[in-house]
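These notes are about the structure you will find just below.
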Amino acid sequence: MAGGMASQGISAKRAELAGGRVGWRGLVSSKKTFGIALFASLGGLVYGYNQGMFAQILTMRSFIDATQGYAEHTGTAQGMLTSILELGAWLGTLANGYLADALGRRVTVVVAVVVFCVGVIVQACTTNPDFVYAGRFVTGLGVGNLSMIVPLYNAELAPPEIRGSLVAVQQLAITFGIMVSFWIGYGTNFIGGTGEGQSIAAWEIPVCIQILPALVLAVGMMLFMPQSPRHLMNQGREEECLQTVARLRDASVDDMLVRIEFLEMKALRMFEEETARKKYPQYQDGSFKSRFMIGVHDYMSLITDKSLFKRTTVACLIMVFQQWNGINAINYYAPQIFKDLELGGTTTSLLATGVAGIFEFVFTIPAVLWVDNIGRKKILIAGGIGMAVCHFIVAGIIGSYQHTFAEHKAPGWVAVVFVWIFIINFAYSWGPVAWIVVSEVYPLSMRAKGVSIGGSSNWLNNFAVGLSTSPFLSASNYGTFIFFGCITTIGVFWVWFLVPETKGRTLEEMDELFGSGGMAAEDEARKRRIEREIGLLALLAAAPYTKIGATYLPGTGEINLFYQLPNNDIQEMVWSGGGWSAGGNLGKALPGTSIGVTASEGPGAGHEIRVYVQHGNKDIVQKCWSVGQGWWSMDNVVDPTHLVAVLSQLHNLVVVAKFTSVSTGLAITPTSGTGAMTARPCTPKEGNEREDDSRH
């Protein structure tokens with residue numbers, strides 16, 4: 001288990017160096033990081049909006065007329081109208097990997113947006129069902145590509161400490177897009193009335209409005225967003241990669257976290273190249289054919305290798321059960337389902353659908369907070385049981401009151417409530433957690449391809465659900481819910497008995513669970529060796545966790561030392577003849593900030609100390625202390641070049657103050673217990689430390 005523990009050690013050290021800027025706190029700690037999250041949200045918004053929008057317009061009178069009544073035909077015809085987008089999305093997903101590497105992440109996003117917009121325009125010109133088929137298929141090509149490339153791009157730009165939260169934001173954005181589409185459809189349904197004579201704007205606005213966030217995404221990618229550092233690294237453009245990471249982090253290229261992140265990307269590229277050389281020595285000429293054959297063999301090994309096949313089975317089946325528990329049957333056909341309950345016409349059914357969208361969005365949030373504390377299996381089992389119970393209750397209500405809901409309004413609304421409860425159970429469990437499990441079951445060398453197989457399984461089953469639900473509902477409303485309830489129940493038992501808990505497992509432990517014979521251990525050993533060769537492990541071992549500033553005034557016999565606590569507060573320690581004691585707390589500063597300290601003696605007024613640090617907004621500020629006033633702030637420092645940088649290191653409560661402006665390299669050390677100062681030259685090691693510190 002040494003490899004897994006080493007990997008965890010690197011992550012832990014990097015997180016500690018980040019000064020608490022991890023997870024949600026890291027996500028909102030800087031404008032650039034938050035901007036990345038917003039762009040991830042645009043991709044998820046477009047994806048989610050498409051999932052819900054068509055369900056709304058499918059029941060609108062004006063859309064039914066535009067399709068010459070075709071949209072009103074329940075059964076396979078309506079199912080194909082709905083699901084053709086998912087078929088296109090599946091093909092778009094398959095094309096994503098090649099396009100992302102060949103064109104780069106940003107250009108691939110723009111291509112996907114252009115394809116998406118063409119499909120939307122074709123739909124907006126609908127005069128017969130063929131326009132809908134063609135438009136939704138082309139739109140699906142773009143949506144499928146966006147569903148993979150945008151999260152990939154944003155994850156590659158984000159600091160490692162917040163990538164998990166960024167995935168959660170993507171899932172929230174998808175459900176937010178679904179919710180928005182439901183309410184836009186509800187609102188536009190009133191344009192021109194809700195019956196005969198309804199304006200075509202009632203359905204064209206929901207269709208066309210989705211172009212706006214897609215165009216914002218494309219324009220932002222080309223004008224404001226940088227190249228993906230990972231893509232630059234894979235292209236061998238290492239210097240550009242390093243400069244890009246530094247700009248993204250608002251730091252210099254010598255910043256410790258920047259260097260660590262850069263070397264981690266370099267190590268991963270070298271790991272992938274070395275793994276390919278070891279497995280496929282015959283395909284190392286760099287040609288397109290060789291790269292293609294390596295990809296083919298890797299994908300084939302997911303089936304031919306017994307251990308990888310077990311993992312692939314888990315990845316594919318969890319997506320089968322995620323789709324066949326009926327969530328997209330609800331998303332695609334909720335207005336029609338609610339309309340059959342005779343709640344009060346199309347308007348009321350659209351309103352009930354809008355409420356369902358709110359529940360799906362809101363109850364995705366708990367998954368972000370709980371999944372790492374509770375574990376994957378428990379959440380999947382709890383959510384699955386809740387969904388199955390709801391299916392069976394709704395089936396019982398529909399079976400008991402079918403064709404009589406006009407006289408029995410209460411049972412109809414009870415059925416609606418249990419559909420909402422079903423959505424709640426999905427939102428906190430199978431929605432986000434299924435994707436997490438897929439990403440965790442594979443060893444490092446096969447993770448990207450394994451996740452792509454899981455994504456393909458998701459889209460294919462999504463297509464099958466969209467295609468079959470309308471015929472199911474036509475044949476038997478309550479039977480459809482019984483069917484989904486039974487599939488969900490089988491999924492619960494499958495998770496309970498056959499899916500391992502992946503939370504907190506090392507890669508070696510996953511090997512043992514799937515019988516890989518040390519595949520992950522071999523991967524980890526290779527990765528650790530590469531990290532050692534390029535100096536990443538040495539950099540981590542030497543990484544300082546804080547910068548320390550100190551000053552000494554002979555007239556007082558005191559040393560005032562300032563250092564950063566783990567919570568980013570700047571703390572003062574005072575040395576006098578009796579030893580160290582705590583001084584003032586100066587409040588929070590930028591994590592890992594350099595601390596400058598100056599001191600002066602005023603005639604008859606004692607002395608004044610000024611501490612210079614960076615706040616989270618990057619402003620250089622002064623924290624001043626003077627006799628009779630204590631600590632106070634002067635937040636008007638603009639030019640940090642005027643600072644006297646005093647960078648120090650604490651060794652067993654002995655201060656070694658290195659003044660970077662002193663060319664002789666003089667080190668000043670207090671003698672233990674007396675407060676007196678002795679001067680001595682820096683050792684070569686200390687000189688190196690001084691040079692390292694001065695970069696910060």
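From the backbone N, Cα and C atoms, a Cβ is placed for every residue, glycine too.
Features reported for this protein in TrEMBL:
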TRANSMEM  33-50  transmembrane segment
DOMAIN    36-503  domain 'Major facilitator superfamily (MFS) profile'
TRANSMEM  107-125  transmembrane segment
TRANSMEM  131-153  transmembrane segment
TRANSMEM  165-188  transmembrane segment
TRANSMEM  200-224  transmembrane segment
TRANSMEM  308-330  transmembrane segment
TRANSMEM  350-372  transmembrane segment
TRANSMEM  379-401  transmembrane segment
TRANSMEM  413-438  transmembrane segment
TRANSMEM  459-475  transmembrane segment
TRANSMEM  481-499  transmembrane segment
REGION    670-696  region 'Disordered'
COMPBIAS  686-696  compositional bias 'Basic and acidic residues'
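Residues 39-40, 42-44, 46-47, 50, 54, 67, 70-71, 80-81, 84-93, 95-97, 99-100, 105-106, 108-109, 111-125, 166-167, 170, 214, 217, 228, 452, 455, 459 of the same chain, all 6+ positions outside the transmembrane segment (131-153), place their C-beta atoms under 8 angstroms from a C-beta of that stretch. The domain 'Major facilitator superfamily (MFS) profile' (36-503) scores a mean pLDDT of 84 in the predicted structure. Within its own chain, the transmembrane segment (33-50) is flanked in space by residues 26-27, 85, 109, 116, 139, 143, 146-147, 149-151, 154, 157-159, 162, 165-166, 169-181, 210, 213-214, 216-217, 220-221, 225, which lie at least six positions past its ends and keep a Cβ under 8 Å from the stretch. Ranked by the number of CB pairs under 8 Å to the transmembrane segment (481-499), the listed stretches 107-125, 165-188, 379-401, 413-438 are led by 379-401. Contact between the transmembrane segment (308-330) and the transmembrane segment (107-125) is not supported, since fewer than 3 Cβ pairs fall under 8 Å when only residues 6 or more apart in sequence are counted. For the transmembrane segment (413-438), same-chain residues at least 6 beyond its ends with a Cβ under 8 Å from one of its own Cβ atoms are 167-168, 171, 175, 314-315, 318-319, 321-322, 325-327, 330, 334, 337-338, 341, 343, 352, 355-356, 359-364, 366-368, 370-371, 376, 379-380, 382-384, 386-387, 390-391, 393-394, 397-398, 450-451, 454-455, 499, 502.
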